[in-house]
Amino acid sequence: MSDKINLMNLTRQQMRAFFQELGEKPFRADQLVKWIYHFGEDNFDHMTNINKKLREKLKTVAEIKAPEIAVEQRSADGTIKWAMQVGDQQVETVYIPETDRATLCVSSQVGCALACTFCSTAQQGFNRNLTVSEIIGQVWRASKIIGNFGVTGVRPITNVVMMGMGEPLLNVANVVPAMEIMLDDFAYGLSKRRVTLSTSGVVPALDKLSEMIDVALAISLHAPNDELRNEIVPINKKYNIKMLMESVNRYLNVSNANHGKVTIEYVMLDHINDGTEHAHQLAEVLKNTPCKINLIPWNPFPDAPYAKSSNTRIDRFQKTLMEYGFTVILRKTRGDDIDAACGQLAGDVIDRTKRTAQKKRFGKEIGTHQIY
């Protein structure tokens, strides 16, 4: 393992401090960040506005290292899924091009501890948190492949969603700095409305998030009552729907990124959570929370105990919610032919603990609020 500092682990402010420690002017950090993220450069020799002496010094103490591509799969609909190598394991990153945008779905952990029953990632177990460089490096690597680095007015990626493998709010220490780089005008310069963090509801971390960063928020709700959510989203046993929605409203009260509305994500599981009675219950849960609702057709994975809701049931569910005045969008399934659709990401995870032991550890950490 290299003892050089990976500059992708540093925000621009941290990099300014790094250059000061080297006896250099802090503005060198601004130059370097622009080279790395705006131009996609990882070779110090190519950074022509930095003097040769400093470039040689940097080569002895620092490196610029992003995850490498292990496997690439391309869908018939244009979606691309990459398995990215992080140490001896792999996480998955998905690029979703559309007419007016290009979205990158980024992973935050190797595996996931939350054990949501309808999600393929959760079945892999949990290994570790990704570092800042492994998170922002997914964006860098994808941008490098897609191209258009440094082309004025052209962005290879217009939106980033923290909706890949893992629970972002259980890795705040690395997710937040990575998102800061996404927002930094010297790096990717994305609008805070174009960077979305999706969470299953780690309430203490969500309450602290607004003190650290302002980005768009999506809530993986998936059930309209505690009894059902306890079964399919087990973190609900610790932080129930009432606690979660109160935390969401607190975040919305101080956030500018969300236009006053949160996105509610709701996977459609046949005869599990897709009945008309569930729609009425969901409307009651959300009546005091400004939101838009994304209905997500469930995407199958091996040995899963669920079936996808029929179009008839989805349509009835959607119309019931719309009668209450909610904005309800049916998410178009993308990349399902390469297992890149929502809930299908798996990667290559070495589960460090058996699932029951992991759940006990997870519950202890959450109980003491040691969340990052």
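Our numbering is plain: 1 for the first residue shown, then up by one each step along the chain.
Cβ coordinates come from backbone N, Cα and C, glycine included.
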From candidates S143, S198, S310, Swiss-Prot puts in the same S-adenosyl-L-methionine site as G166, E167, S220, L221, H222, N299 the residue S198
Counting across all protein chains, other CB atoms within 10 angstroms of the CB of N299 (S-adenosyl-L-methionine binding site) number 23
Those recorded positions from C105, C119, S198, S220 that fall inside 10 A of E92 (active site, proton acceptor) by CA distance are C105
Quick note, S220 (S-adenosyl-L-methionine binding site): same-chain residues at least 6 apart with CB under 8 Å of its CB -> C116, S198, T199, S200, G201, V233, E265
If you rank the recorded positions C105, C112, C116, C119, L221 by how many other Cβ atoms lie within 10 Å of their Cβ, the lowest count goes to C116
Integer Å value for the Cα distance linking G166 (S-adenosyl-L-methionine binding site) with C119 ([4Fe-4S] cluster binding site) is 11
